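Chemist: Supplied in structure tokens, the structure appears directly below.
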Amino acid sequence: MGTTHSSETNLDEVCQKLKSGHFKNVVIMCGAGISTSAGVPDFRSPSMGLYFKLKKYNLPYPEAVFEGSYFRQDPKPFYSLVRDIFPQELVPTPTHRFLALLHQKGFLRRVYTQNIDGLEFAGGLPEEKVVEAHGTFHRCHCSSCQKTFSLPWLQNEIFHPERNDGVPKCDCGGVVRPDVVLFGEAMPSRFFDLCNEDFERCDLLLIFGTSLAVAPFNGLFAKVGGDVTRVFINRTKPGSLGVLSRILGLGHRVSLSEATDLIELGDCDEKVEEICSKTGWTEDLSMIPISPIKMSSNIDS
Ligand code: OAD
């Protein structure tokens, strides 16, 4: 743990080893960057990221909108934001398909995702292969009596702010909220139950579409053995949050480095296509069946 990672290796070698079945316990860490091509905005990309578009919500600082303590005090900005970005339909991206392809080939140990959009499952992964470290938007509950509600019910409430003063409420009067992990709240026990053994067993770590700015998730990459290749695929370098993000305090530095890790800068869907071309899996990738997530269209009036 915490030892030097040797990366004399390059993407060609990683792909040859993947193809030959050398890696049997591939672990994936991913974040919002794998869903941007499905139309879900990320958080910290300058100008496009959510944290740069929050002026109208009148927040004390951008991350407040996803803070548990702020939500309990005033859930309205959270729901206003959700109303503004709620998608009609979510279609898994080539990167989501690639995760399912690794599973289909029998090489995938686990996917650790920070995303709450459920696209890993729509891309074809079974429940047991995914750890949703920051929860999910697809289930919700009353924060007072814990009664559960369906996503269509929540969506209906979200789009009728005139009925509920902009905040979905349970019959008991409690605020209903999705099962997402807000800042300051506990991560799911499944994360802690599985991560030690998964990262100990991991023989290839692929990190896709995340700034690695948020702890404790961003500490996971340091858990793999010193001889395990770590490949970081992202538009920007790990820890390169940009001046504005740093001024706004949007995250922590991490210590992946070009000297010791394989850092592949670029669009993750394009990198997935490159990997599949090098492994000869292009056709296999295109055959992965996907089930787009249709958000309820029957909102009553
Ligand atoms: P960020 O917005 O911090 O990082 C997303 C990264 O993906 C950025 O570095 C982008 O450059 C990169 N990116 C965007 N589109 C890409 C693409 N098509 N191909 C390759 N790279 C791309 O999002 P996360 O790292 O997921 O937590 O953020 C982590 C956590 O911070 C979230 O789960 C959320 C947030 O606050 C909570 O709300 C608790």
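We count from 1, first residue shown onward.
Even glycines carry a Cβ here, placed using N, Cα and C.
Curation plays no part in TrEMBL annotations; they are all automatic predictions.
What you see is a predicted model, and the numbers here were worked out from it, not measured in a lab.
Here TrEMBL flags HIS134 as active site, proton acceptor. Residues annotated as Zn(2+) binding site in TrEMBL: CYS142, CYS145, CYS170, CYS172. For 4-282, the entry in TrEMBL reads domain 'Deacetylase sirtuin-type'.
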Chemist: Given HIS134, CYS142, CYS145, CYS172 as the recorded positions, which ones have a Cβ positioned under 6 Å from some atom of ligand 1?
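Modeler: The ones that qualify, in sequence order, are HIS134.
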Chemist: Pick from CYS145, CYS170: which of these binding-site residues has the biggest number of other Cβ atoms within 10 Å of its Cβ?
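Modeler: Sorting the candidates by Cβ neighbours within 10 Å, the top entry is CYS170.
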Chemist: Write out, in the order they occur in the sequence, the residues of the chain not among CYS142, CYS145, CYS170, CYS172 that have a C-beta within 8 Å of the mean position of the C-beta atoms of the recorded Zn(2+) site.
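Modeler: Near the Zn(2+) site, beyond CYS142, CYS145, CYS170, CYS172, sit SER143, SER144, GLN146, LYS147, LYS169, ASP171, GLY173, GLY174, VAL176.
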Chemist: Tell me which residues of the chain lie with their Cβ under 8 angstroms from that of CYS142 (Zn(2+) binding site), as long as they are six or more apart in sequence?
Modeler: THR148, PHE149, CYS170, CYS172, GLY174, VAL175, VAL176
